[in-house]
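Asks: First, the structure itself, so that you have it in front of you.
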Amino acid sequence: MKLKEILSMETKELILKANRMTSNLKLDLCSIVNAKSGICDQDCKFCAQSSLYNTGVKKYPLLDKESILEKAKEAEKMGAIRFGIVTSGKRLTRKEILKVAKIIEFLKANTNLKICASLGVLEKDELRYLKENGLDRYHHNLETSPGFFRNICTTHTFYDRVKTVENAKNVELEVCSGGIFGVGENFDDRLELAKILKDLEVDSVPINFLIPIRGTPFENFQKLDVVERIRTIAMFRVVLGENVTIKIAAGREDFGDFQALAFFAGANGMIVGGYLTLKGRSYDDDIKLIEGLRELMRW
């Protein structure tokens, strides 16, 4: 199927096609910790952590290993198999990278979780060092298409992000990379992003839907409706194929009663336990959803 043909498919047809491609996939749950908050000089217009916007976000330096382990233990209790260390800012200092490496070692010794990290722009030698200390997967979103990127960020480029993904692939780390939707882009932008992620051979693609945050330039943006969200997920599954994990992440609670439909439309993973600066769904609600999905999808 030609990529452009996907855009013209009826929603039901697209969902059914995506659903057939997820039949052999397992449910993949992950959780993250906001390990360093605020203090970011980048201008990503959707993000609460940019110091350029007055969002009231908490600001703190890199957490200690005991605090991060506590969050990891909570994630493990919720059934997560992966745990991500996420820091604000374009990149970490060498000193901070050394500290994160020690934290990764500590988590691997005290949990059964696979450890992921999202630390901004890193070079190959830095990523290799983290891998040698136990890092399993690196996360770095491309966010949107190259042509639309300057509408959401001007302090770095789309290709800065691509380079980091390539660096992680080159040192044989697994890679998680996705985007944010509902920031003014169209379906052509989404399709182009999906194609680029496929060509980069990433392992996991998080699908984030904009949660407008007061104080950011996008605070008055309207949230995407459920049908457009479902079409986006299904389109990514059809483009990416059967072997890539697609996770619904930020904004998934806005699906309301239709959240399970995202999994029939191609998703096979989600972030549990909240996001960087916002709470997600409650633990009890997520457990009910997970149990229902496992029964319905035989996960």
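A Cβ is built for glycine as well, from the same backbone N, Cα and C atoms used for every other residue.
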Asks: Quick one: which of Cys116, Cys153 does Swiss-Prot put in the [2Fe-2S] cluster site with Cys176, Lys247?
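Replies: Given Cys176, Lys247 bind [2Fe-2S] cluster in Swiss-Prot, the matching entry from Cys116, Cys153 is Cys116.
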Asks: Compute the average pLDDT of the predicted model within the domain 'Radical SAM core' (22-252).
Replies: 96
Asks: May I ask for the distance between Cys176 ([2Fe-2S] cluster binding site) and Cys47 ([4Fe-4S] cluster binding site), taken between their Cα atoms and rounded to an integer number of Å?
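Replies: Approximately 19 Å lies between the Cα of Cys176 ([2Fe-2S] cluster binding site) and that of Cys47 ([4Fe-4S] cluster binding site).
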Asks: What is the separation, in Å, between the Cα atoms of Lys247 ([2Fe-2S] cluster binding site) and Cys47 ([4Fe-4S] cluster binding site)?
Replies: 20
